Amino acid sequence: FITMNFVVEAASSNANQAITSENSIKPKGKLQPQMEKYTLTYFNGRGRAEVIRLLFALANVSYEDNRITRDEWKYLKPRTPFGHVPMLNVSGNVLGESHAIELLLGGRFGLLGTNDWEEAKIMAVVLNIDELFQKLIPWTHEKNTTKKAELFRNLSESDVMPFLGRYEKFLKESTTGHIVGNKVSVADLTVFNMLMTLDDEVKLEEYPQLASFVNKIGQMPGIKEWIKKRPKTYF
């Protein structure tokens, strides 16, 4: 849960200070992630913060997983860069927007491919998955099982099945077992997270490439341990 020290610090920072602090920002390509102090702030759920948590887990970089309550959010909201979470505090510098955070950490942890073309393709995958994520929000937050099932049925044919078919094809055409390039990237973690979100609703045995992919990513050091210990939440 959020600490009073964190709230006071957030309240005392203006918008410019929250986004940049020239004294502590490091040159690109010369970063030592373990020397930074990271605090990730989000609700007690996977949602838009889970790919970020997977990045930390895979890179074996420590951070504070600051899970706030709705009451705490009322106080914190006007003090965030864009009025929503997740947000990441990096040694006093605050960054908003989940994909911007993924881009920052992916670059620091070596998970954005090996060249600018691969980086662009990785971000294309991230943005494509975000389109599906947006459509799934009502379903992920619905607690009534009957309504939840109906919501998923409505989305299945139009959005979920095309997603599964598309990424099954991508992996079948891949010679590396990865979505982009020849090593694990933010794209892999983004697709993995979406498949884990859909786990109870889809039959991955009908998609052998995706099933193998989920097993491979899920067994990676750091990822395996995080999946086992992460809090059980409804979204």
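Cβ coordinates come from backbone N, Cα and C, glycine included.
The feature domain 'GST N-terminal' is assigned by Swiss-Prot to 36-113. Break the domain 'GST N-terminal' (36-113) down by DSSP state and the numbers are 34 helix, 19 strand, 25 coil.
Residues or ranges marked as glutathione binding site in Swiss-Prot: Tyr42, Trp73, Lys77, Val85, Glu97, Ser98. Counting Cβ atoms from all protein chains shown, Val85 (glutathione binding site) has 23 others lying within 10 Å of its own Cβ.
Per Swiss-Prot, the feature domain 'GST C-terminal' maps to 115-235. For the domain 'GST C-terminal' (115-235), the mean pLDDT of the prediction comes to 97.
Scoring each of the binding-site residues (Tyr42, Trp73, Lys77, Glu97) by how many neighbouring Cβ atoms lie within 10 Å, the top position goes to Tyr42.
Other C-beta atoms found within 10 angstroms of the C-beta of Ser98 (glutathione binding site) number 23, with every protein chain shown included. Maximum intra-site Cα distance, glutathione binding residues Tyr42, Trp73, Lys77, Val85, Glu97, Ser98: 17 Å.
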